[in-house]
Amino acid sequence: MINNVSSLFPTVNRNITAVYKKSSFSVSPQKITLNPVKISSPFSPSSSSISATTLFRAPNAHSASFHRQSTAESSLHQQLPNVRQRLIQHLAEHGIXPARSMAEHIPPAPKWPAPPPPVQNEQSRPLPDVAQRLMQHLAEHGIQPARNMAEHIPPAPNWPAPTPPVQNEQSRPLPDVAQRLMQHLAEHGIQPARNMAEHIPPAPXWXAPTPPVQNEQSRPLPDVAQRLMQHLAEHGIZPARSMAEHIPPAPNWPAPPPPVQNEQSRPLPDVAQRLXQHLAEHGIQPARNMAEHIPPAPNWPAPXXPVXNEQSRPLXDVAXRLMQHLAEHGIQPARNMAEHIPPAPNWXAPTPPVQNEQSRPLPDVAQRLMQHLAEHGINTSKRS
């Protein structure tokens, strides 16, 4: 309703203009005054401005009164809907009265002739159960359809029965699932029109594959494959061909040359030694030494000692404890860690702040923070 009211406001000016254009009476030339009217409605978020034309004051007032009387009589024949009645009442409360009734914009319902009754014949089947229940439900609410719905349901075509399938020796019987399905349908009175066996093609008679060629390079199946074939044979499954033909023989590659040993070659680390020993216990011997893959450590020159000066401060307590912990485990750093800690800059002390009347004291949290720092020997020279 709100959308209808909001959309009607822009059309009020056009409706008033249409009243002027469609008027049938004639008047002498008169002066027309336009009065701007402000419209504000609780159904519209903002006010709208329209221009309303004042009524004509013509000498021939009989024609104008006759036109208004005929319009009032035509409005008696058709009652406006509830929404439009409320809209006219709402506009009348704001001093807006339309020049003619809005009922003339609602065309009357056309008087179409009733459709002819459908032709009933023997092929017309009755309505299904859902349609019967729907018509009964509508009849309970006083709704009666103008025509029968059975005419919209075309009759079932009289198609000829399909020809029976040709039975031959290759046709195999239905499987167990299909047999049970047909038996279940027969218990409910459903009989298929044709046999389902014709849709199952017979198994093709393919020739047996040729046996594989055995040669000296063919190695026996591994233990996993032997156990798999034995497990399948226990369940009555015999493969048509041997699986050994799918396993290519191992290539006879030449042994790699031994690596060149030099003075820079260091022995294998402890993890690699234990790995090689673990593989040797299981009969696995690597073809080459793994030491050749570990490059020797480069002989880099020792770094220059850092320049110590007066600004160099000693290591912090954490760094000193770290170096002591590493020294207990036999780890000595190659260079001093103090060179990575830049000295503290010698900045000038800041100027004291200017005290004035607007300077307010520190809040309670800042006072407690400064007191806590003073207890630990930290003195702040500048007020926060």
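Backbone N, Cα and C atoms are what each Cβ position is placed from, and that goes for glycine too.
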Swiss-Prot annotation (region 'Disordered') - matching range among 67-86, 247-266: 247-266
Model confidence over the repeat '4' (237-283), averaged pLDDT: 71
